[in-house]
């Protein structure tokens, strides 16, 4: 065949058309596959309960461009481009800074946080955080997107997993695929860390004071999250502030365990879970007086014996017993068989004089870097049940607790104690614990307690000193 004829057929014939059609089909298929994957990801996300607030932020008296309702006042100078742009930029910076102030006041943001700001105005947000006293702040102007060619994240956040305590962005409504941005922010958050997204509203003046607008802005964020929970949503001027916390690994592991169908404690507690007290983000007054203790609702007079187990209380057990049982708990503490499990054997002398309290030594509860035997003197060493090879809590529990007992467990929300909690779920021993108290003075237990309650555990948040 003549080469000129072949060239003409290639250029003008059906070959080019077929190549063009195949190219378009390939691009279309890639787009469909990408969105199907994203839809599947969103569909598999668990529904989350959102807590809504109506403009709770305190903007202060210095912000002359924000009304007392939290909405922007109309700025008449906007008719002049330079003057109007300057005022809007000032409003914008004040808004971001006031959001941070309010979050610090509510305990969502601390001065010791490693913070990351993502988006086009991240440098301004990072500067605002530094002015408020945060030292470790990083601003990233670029946000991640998904490449159809490479089929992976492009310009992903150049940080390791679980690198930051706090991540903030205002660009969620400016990206092509918001879910990918949320997931990338979630990736770099450490377990227990806080994410904050300031989402724009379609109405400048109506803003998000209307609950329907709050729901429309917050629900997509909640559906995108895979390992976090939305903890607060509120209208801020013309925006919606969505705050979420990344769940700890303990919480994720507990959610994978399925308790037996004949689990005694969850079956008995089910009718009374609705009476559990609401969880609080911080201690307010005499919080313990608001606790809905299980014996207020359940008749336990037929139980074989009453067992109270305190893990990690140490020398503070007397204070804990006094605050919990006197005068709040419906049953006097002297009716319980009390067991104190701790690594600090110096507290043993406090218990040997009290016939109602039994001390159990657990070296695994020592804080990292602390010698569990550092507190032991000669006399205590001879009397304390030391076990250099460790302590099997589950075995001890199964030997101590019997079917028909009423069991109350209190523990710290530290890593060692939470590992015990995981073992209780893994072995099904949690089915013999009627009431659980988590001492949360330094840890965020809200997500954990919500998970426990969803599993049927009658769990309380206990504020330690």
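Using the three backbone atoms N, Cα and C, a Cβ is placed for every residue, glycine included.
Remember, TrEMBL labels are computer predictions, not curated facts.
Remember, predicted model here, so these are calculated numbers, not experimental data.
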20-42, 43-65 - the one TrEMBL records as transmembrane segment: 20-42
Residue distribution over DSSP helix, strand and coil in the domain 'Methyltransferase type 11' (118-194): 24 helix, 24 strand, 29 coil
Mean per-residue pLDDT computed across the domain 'DUF7870' (391-463): 88
Summary of DSSP states over the domain 'DUF7870' (391-463), given as helix, strand and coil counts: 34 helix, 16 strand, 23 coil
